Amino acid sequence: MDSAFLKLDAAEFLEIWQRFDADDNGYIEGKELDEFFCHLLKKLGANAITAEKVQRVKDRFMSAYDVTADGRLQIQELANMILPEDENFLLLFRRETPLDNSVEFMRIWRKYDEDSSGFISAVELRNFLQDLFLQHKKQITGDKLDEYTDTMMKLFNKNKDGRLDLNDLAKILALQENFLLQFKMDASSQDERKRDFETIFAHYDVSKTGALEGPEVDGFVKDMMELVKPSISGVDLDKFRQILLNHCDVNKDGKIQKSELALCLGLKPHP
């Protein structure tokens, strides 16, 4: 990236993000994008900034950094564009493969929601970041860890209550679209519903034990409830989880067997 941005730190990056994501929707797009590239040209010392010049620079950078090719900048894409590598703590959240399964997401959630409050506090987020640095074999001072924790809270804690909910963490980890959205159960025949059930159960039965347990139940409940209520809280999830277990866990072993879930859904699974 050009030298004008090489001295940026996480707090300055936050300031730029909040300035140009004016509608607070998690993207810089449309008019915001034009204003950002105009600002970029000024920072680089350009003279006589014209709409054509802004468009040229925009095309150049978007082709290099707009990984999703959706014509807008996500926070990770902007970080890659303007933060020096040693300050780009958002690189920690890059994964070799996309996070496309709510089971793995819920495993992370349960690990760091240490007090089972249904939220990730600043202290719990700090522990999460510290573990990420260790996993990436990177050294970090306590002060820097505090700065990154504070920046993450300001970036993702939209209601400013000092803690992250399920949706905030889903944004941080770039959780992919709800797996259940691809299925139209109401419009299907009985055979199609049985086939879909097999696919759905296999997706959430990550451990391949023939039963959903722990984060597998959590992931299924999260996706199922978000079909009707797009933003559920950790507290809501725990309530819905207990309702599902009360209804489906016939033998009371704390798991949902494949046959138990099929019975709940009014299906007879394939043997």
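Cβ atoms here come from the backbone N, Cα and C positions, even for glycine.
Summary of the site annotation: Swiss-Prot records Ca(2+) 4 binding at D205, S207, T209. Screening the candidates E192, E216 against this entry identifies E216 as the one listed for that site. According to DSSP, D168 (Ca(2+) 3 binding site) sits within a helical segment.
Using a cut-off of 8 Å between Cβ atoms, the domain 'EF-hand 6' (235-271) and the domain 'EF-hand 3' (100-135) share at least three residue pairs, counting only pairs 6 or more apart in sequence. Recorded residues R163 (Ca(2+) 3 binding site) and D115 (Ca(2+) 2 binding site) have their alpha carbons 13 Å apart, per Cα-Cα distance.
Broken down with DSSP, the domain 'EF-hand 6' (235-271) shows 21 helix, 2 strand, 14 coil.
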